[in-house]
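First the structure, in the form of structure tokens, and then the observations on it.
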Amino acid sequence: MRRPPAASLSLALLLLLGPAQVISQSCVWYGECGIASEDKRYNCAYGGPPKPLPKDGYDLVNELCPGLYFGNVSICCDVQQLQTLKNNLQLPLQFLSRCPSCFHNLISLFCELTCSPNQSDFLNVTQTEPYYDPVTSKNKTSITELQYYIGEHFANAMYNACKDVEAPSSNVKALGLLCGKDAKDCNATNWIQYMFSKDNGQTPFNIIPIFSDIPIQKKIPMNNATKGCNESADDDTSPCSCQDCSLVCGPKPKPPLPPAPWLLFGLDAVYVIMWISYMGFLLVFFAVIFGVWCYRKRHFVSEYTPIDSNIAFSVNSRRDNGEASCGERFGAWFENSLRLTFTSWGAFCVRNPRPVILFSLVFVVMCCSGLAYIKLTTNPVDLWSSPSSQARKEKEYFDTHFGPFFRTEQLIIQAPNSKQEIYSPYPSGADETFGPPLIKEILHQVLDLQDAIENITAYYDNETAMLKDICLSPLAPYNKNCTILSVLNYFQNSHSVLDHVVGDEFFVYADYHTHFLYCVRAPASLNDTSQLHDPCLGTFGGPVFPWLVLGGYDGDNYNNATALVITFPVNNYYNDTKKLMKALAWEKEFINFVRNYQNPNLTISFSAERSIEDEINRESYSDISTVVISYAVMFLYISIALGHIRSCRRFLVDSKISLGIAGILIVLSSVACSLGIFSYFGVPLTLIVIEVIPFLVLAVGVDNIFIIVQTFQRDERLQGETLDKQIGRILGDVAPSIFLSSFSETVAFFLGTLSTMPAVRTFSLFAGMAVFIDFLLQITCFVSLLGLDVKRQEKNRLDILCCIKGDDDMSRVQHSESILFMFFRTVYSPYLLKDWMRPIVISLFVGILSFSLAVVHKVEIGLDQTLSMPHDSYVIDYFNHLSKYLHAGPPVYFVLEEGHNYTSLEGQNMVCGGMGCNNNSLVQQIFTSAEIDSYTRIGYAPSSWLDDYFDWVKPQSSCCRLYNTSGQFCNASVVDPSCVRCRSLTPEGKQRPQGEDFMKFLPMFLSDNPNPKCGKGGHAAYSSAVNFINNNSEVGATYFMTYHTVLKTSADFIDATKKARIIANNITETMGIKEKNYRVFPYSVFYVFYEQYLTIVDDTIFNLSLSLASIFLVTTVLLGFEVWAAVVVSITIAMIIANMFGVMWLWGISLNAVSLVNLVMSCGIAVEFCSHVTRAFTISTKSSRVERAEEALSCMGSSVFSGITLTKFGGIVVLAFSKSQIFQIFYFRMYLAMVLLGASHGLIFLPVLLSYIGPPANKAKTQAAQERYKGTERERLLYF
């Protein structure tokens, strides 16, 4: 037996002084006598030599103390003492034997104490009491206290070998369960002192440890050789695993440093680059402007000639009439074909209004009949997660193999009227501060609330539903108690246990304070080891971790908690509608009960699983009035603004209220048709579609209505021209522009269905169809209605009351120009396009663009969940308290898919975390991740069913036993001589079970309930963690659970999802199972909602790029293959989108599915602002770009401004008064930005840009226009 140097020197000295005293062996006790308490007995004093052990004890001594198994086995204990030692070692065995070196040292400590033939060297009896043995009728002496001299070297070495050992089912260090205090406060001294104190409930009498490496009072401290955790305990075992021994792992892993910010000159690099780029642009731009001005001053006839690239030596000279190119002729032919087609169609609709209107009505009714099949999706999973997404597939896999994640009902409780309480332990110990909610009176009140919730009764389908009917009961049917994660489960949810006190009339030795302080350190304990001896394990059979039920404490000082957290997990039934509806009914009653609960001493915030969905629906209904008022304002404006009133007497004749209402109904009909068509095909509807698409189609449709009506109002009927031909001619002029914008938007939206985000895909599908149907109805039904309205006006019949005739002073409809049109033509357009104004406009807009590009990477990603709630929602308080008080995040399961071989040693080593397991095993990698939780977001070591199974099945343990008659499982609590250990104590039996043995005992482990003699039973902790396949002959999918760290913001949730996937992918790689068609993946309930944010930047780029590309292609074709004009339109729309990101950053709007839908929609609305002006520019026959831009802005600017900007502005302002934060942020702010940016770019920037770099006039189109208007009044206007 090796001893440390100091002990060896002391021993040599003693050998010289008195060899006879050292060599002789003597005991201090032998046998048991006297009852200490209940089933615990004292040892009998005995000072003689060791006695030979009876042969029936050989197996026991070989099992427990093999170092004493030699010769005739003369030791200082009998068989009964050995059996008592075995029973007392069961708890340490279950938790520490996963590290054989640790357990070897611990066994050495107890074997030397109990049976060493040299007891008298290091044991000193200090107290005894007489005992009369009724069996032998002899007087004996019971030892009631002794001193145990232990070498400091041994104590420290034993502690160092055990300090890192994990308790897999509890996610804590094993010493936290065995030391009487938190593992971080445990050391060699207080651990041994606790194990030898009778206050721990296990030791029958006090054993006082005295630590020294040198002899004291003629006693030689026990200083046996120890094994480090990185050493093998014997030839049959391996060093402890990395998870249980930091020496094996090496230094603690360090998280990678965050990427250094990209800086230039100490500032954000993107800011600097955009600033330099903007300054460079201004320098070049103004240099070119100045150069052109100087060149013009020397060579042009007039210095006031506009600066553009159409260099002509005379302002008034006509365009060069050279030959048109092939491309120009084709473009002119295409343009003319569109014009003639729409002209003929318009004339037909005016001549045959009744058939056209009737056909339109039939078409609308047929489409709308599909609304009978409408399905509204409110399930958040369906709204935000694609069925083909990785998270959705993983959720389906988890739900299928392990059952769906439970529903959560949670309370966060404070005690605002209570104060902290100081607890002073007796007889010694530091004072402990207990937070306000941990005062006994408050705990009793909280328990009353908890009991009342358990008794809530709901009704569904003439059946009652209580919590016990729907709750999670892991030990059912043996134990039907509901899982309630509450601090009161430390007291078995019992008022009497909470009031349990041990003391006398002078002092309180132990009460609820004592029990609480023990349970937060050892939540899985079945005996608090104080004089109370109450269990900590929850009534449902599982531990209640303090970080799940307490909040607002500092560090690990759980008693400082300022809030209690009570969680009721409820079964989430998979494909069982009736049971799910029962759960929903109970949750509804739960919400009503807690909302109406009154207790002035408690402040309660709470949430049920259905709360968020309920509140979103309530919010949607509460905002119906706001939305209706918004649309009413827009409808009223449209109805009034369409008419052009020349006098008060003719108000009802000249007004177009009925036509405006008809136009609005057409817009709404197109939306209804879109909903109906897709409802036929079973496409579900979402709230986003209902809230956003009417706004979009109204913007597109109303703009088109204004263009058609106002163009007609400004037009003068030609000589001999009938009404149908006039409207046909007008439609031929404007319909190609309407077709351009509508078809561009339709194609862009339909291509948006390629998105993987359900919200974007559904919106794009419905929006594309609605815009297309709106266009069809406008060039059919609306044109016919316009013809009827003009005929009504020409007959001087009143609007709305068309049977009544007005004054006959003016039977013919006179062409007229609105004030807005005249303002654009005479004031706004000339002023905007002045030489000195245009450079300012370009500089300003490019500056805004530069700013937006500089901050686009600063836009936050995610959706603050509080924004989805109404202002007055009870859930907002819950969210706020959640982030303030909770100390653990959501549970995360690392799932190992079906296909892994657990029965082979290699397969086990790839997964487990104990002795002999790979250092890069699944459990070890998760454990390592928890070591750097601030980076990985993994908060705790995983609970590992495999490691606990190996500990449970060990033959040294009393857990795995069988009836030797039937071979059936025998629980450790059963006292029956026919119960024998599952596996023999042979070297082979001590190895891990493999092959058939593995599968034979695993179901027993998973059905074993924890009890005082075996805390490793896996029923409560792991009953759902292992999925059996092939008639229970193989292990299929399994999971290993841990918790995320506290996640407060969207960025935290996104990062947690990302890091968990990185960890799982790395585990799959290192296990080498990638090629075997199965893998490891992480699953947590929030992943399906936050997965979209992992790719939202890519999705945004993809969707917006696709929209821009489709707009470019359609614009190119429908402008008669004017490629450069399409480029200008695309540039302008891209600037609007970029500036939208700038507004999002300035206004605190995050990037998520809702804002992405709005960005896609803004592409469509931007087309409306840009395409009409651009097309008017391309067909203008003026001589210079400035003149063409001025004409285009004059003709189309007023219609665009009145049709979109003013219409939308009125409706948007109303949204500012919405109760919904989502409406205020994602609709009011984004819609307002959309309209203002669209109007400013379409009516300010675009005309100026066209005046500089617009496409040159198409010669073929110019010649065609000359021929078409030859001999008419409009010929004079072609150039002037």
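Cβ coordinates come from backbone N, Cα and C, glycine included.
Remember, TrEMBL labels are computer predictions, not curated facts.
Annotated in TrEMBL:
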DOMAIN    623-788  domain 'SSD'
SIGNAL    1-24  signal peptide
TRANSMEM  262-295  transmembrane segment
TRANSMEM  356-374  transmembrane segment
TRANSMEM  624-645  transmembrane segment
TRANSMEM  657-681  transmembrane segment
TRANSMEM  687-709  transmembrane segment
TRANSMEM  730-751  transmembrane segment
TRANSMEM  763-788  transmembrane segment
TRANSMEM  1101-1119  transmembrane segment
TRANSMEM  1126-1147  transmembrane segment
TRANSMEM  1153-1171  transmembrane segment
TRANSMEM  1192-1218  transmembrane segment
TRANSMEM  1230-1253  transmembrane segment
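The highest tally of CB pairs under 8 A with the transmembrane segment (356-374), across 657-681, 687-709, 1126-1147, 1153-1171, 1230-1253, is held by 657-681. Residues of the same chain lying 6 or more positions beyond the ends of the transmembrane segment (657-681) and with a Cβ under 8 Å from any Cβ of it are 363-364, 367-375, 635, 638-643, 689, 693-694, 697-698, 701-702, 705, 709, 765-767, 769-771, 773-774, 777-778, 781-782, 785-786, 789, 799-800, 802.
Taking every recorded stretch in 730-751, 1153-1171, 1230-1253 and counting its Cβ pairs under 8 Å to the transmembrane segment (1126-1147), the highest total belongs to 1230-1253. Contact between the transmembrane segment (763-788) and the transmembrane segment (730-751) is supported by 3 or more Cβ pairs under 8 Å, counting only residues 6 or more apart in sequence. Nonlocal intrachain contacts for the transmembrane segment (262-295), taken as residues 6+ away from its ends with a CB within less than 8 angstroms of a stretch CB, comprise 307, 839, 842-843, 846-847, 850-851, 853-854, 857.
Among residues of the same chain six or more beyond the transmembrane segment (687-709), those with a C-beta under 8 A of the stretch's C-beta atoms are 376, 378, 383, 616, 620, 627, 631, 634, 638, 641-642, 656, 659-660, 663-664, 666-668, 670-671, 674-675, 730-731, 734, 737-738, 741-742, 745, 759, 762-763, 766-767, 770-771, 774-775, 778, 782-783, 786, 1153-1154, 1157-1158, 1161, 1164-1165, 1168, 1172, 1196, 1199-1200, 1202-1204, 1207-1208, 1211, 1227, 1231.
Mean predicted confidence for the domain 'SSD' (623-788): the pLDDT average there is 80.
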